[in-house]
Amino acid sequence: MTSEVIEDEKQFYLKAKTYWKEVPPTVDGMLGGYGHISSIDISSSRKFLQRFLREGPNKTGTSCALDCGAGIGRITKRLLLPLFGVVDMVDVTEDFLIKARTYLGEEGKRVRNYFCCGLQDFSPEPNSYDVIWIQWVIGHLTDQHLAEFLRRCKQGLRPNGIIVIKDNMAQEGVILDDVDSSVCRDLDVVHRIVRSAGLSLLAEERQENLPDEIYHVYSLALR
């Protein structure tokens, strides 16, 4: 439980916001110095996502996606824009969203909205998104705020839409990172929060070929 490791919720959010303001708006900055893993990450994400986009009666649409904790648009550029007609981005750091406009290049014209907002305060437009992608950002929300955000995301899905969480998972319990003011939860804790938000797990996969010294990374598809 985040309530056991976060002493002051207001400070938890403020400290994270301050931390990201000092991070350079680059791929390396977004990935905490692990920019070299970006291609491995995107390639696996594409395979994971495409199983839901294939032909079939319940296939997920490709009209519109939402990139949560989007930063400068690394995932929007490499994963979402090639697969979806329109993408919206949301991030708490305004400088990242400003940088995104040049980083995304010509294809960036298909980014419809740049929302500058913390996810704890963000509500996706109901019935708007085929895919809501939430990567390396759930650790910046308390358990309660994460459950509430996922409930709002559920409302934001179009028919056959999915939510994807891709994030670090701890071996056991909840670990606080005091540097960037985030938490890392184990899979059981994340599963519990997902269930409390009224979502079902459709698929789960561990990311392969990452450096040994970093946390295990899992993708979860939810509806």
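Numbering starts at 1 and runs along the chain as it is shown here.
Each Cβ is built from the backbone N, Cα and C atoms, and glycine gets one as well.
What Swiss-Prot says about this protein:
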- G69, R74, D91, V92, T93, L119, Q120, Q135: S-adenosyl-L-methionine binding site (BINDING)
- M1: N-acetylmethionine (MOD_RES)
- T2: N-acetylthreonine (MOD_RES)
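In the three-state DSSP reading, D91 (S-adenosyl-L-methionine binding site) counts as strand.
A Cα-Cα distance of 24 Å separates V92 (S-adenosyl-L-methionine binding site) from the residue listed as 'N-acetylmethionine'.
For the recorded positions listed here (T2, T93, Q120, Q135), the lowest count of other CB atoms within 10 A around the CB belongs to Q120. For G69 (S-adenosyl-L-methionine binding site), the same-chain residues that are 6 or more apart in sequence and have a Cβ closer than 8 Å to its Cβ are V90, D91, V92, L119, I134, Q135, W136, V137, H140. Within 10 Å of the C-beta of D91 (S-adenosyl-L-methionine binding site) there are 26 other C-beta atoms, taking all protein chains into account.
Its own atom aside, the Cβ of V92 (S-adenosyl-L-methionine binding site) has 23 Cβ atoms within 10 angstroms in the protein chains shown.
Nearest by CA distance to M1 (N-acetylmethionine), out of the binding-site residues R74, T93, Q120, is Q120. Residues within less than 8 Å, Cβ to Cβ, of R74 (S-adenosyl-L-methionine binding site) and separated from it by at least 6 positions along the same chain comprise V27, M30, L31, S38. Distance noted between the C-alpha atoms of Q120 (S-adenosyl-L-methionine binding site) and the residue listed as 'N-acetylthreonine' is 14 Å. Comparing the residue listed as 'N-acetylthreonine' with T93 (S-adenosyl-L-methionine binding site), their Cα atoms are 23 Å apart once rounded. For the recorded positions given as M1, L119, the lowest number of other CB atoms within 10 Å of the residue's CB is seen at M1. In the three-state DSSP reading, Q135 (S-adenosyl-L-methionine binding site) counts as strand.
For the S-adenosyl-L-methionine site, whose annotated binding residues are G69, R74, D91, V92, T93, L119, Q120, Q135, the maximal Cα to Cα separation is 22 Å.
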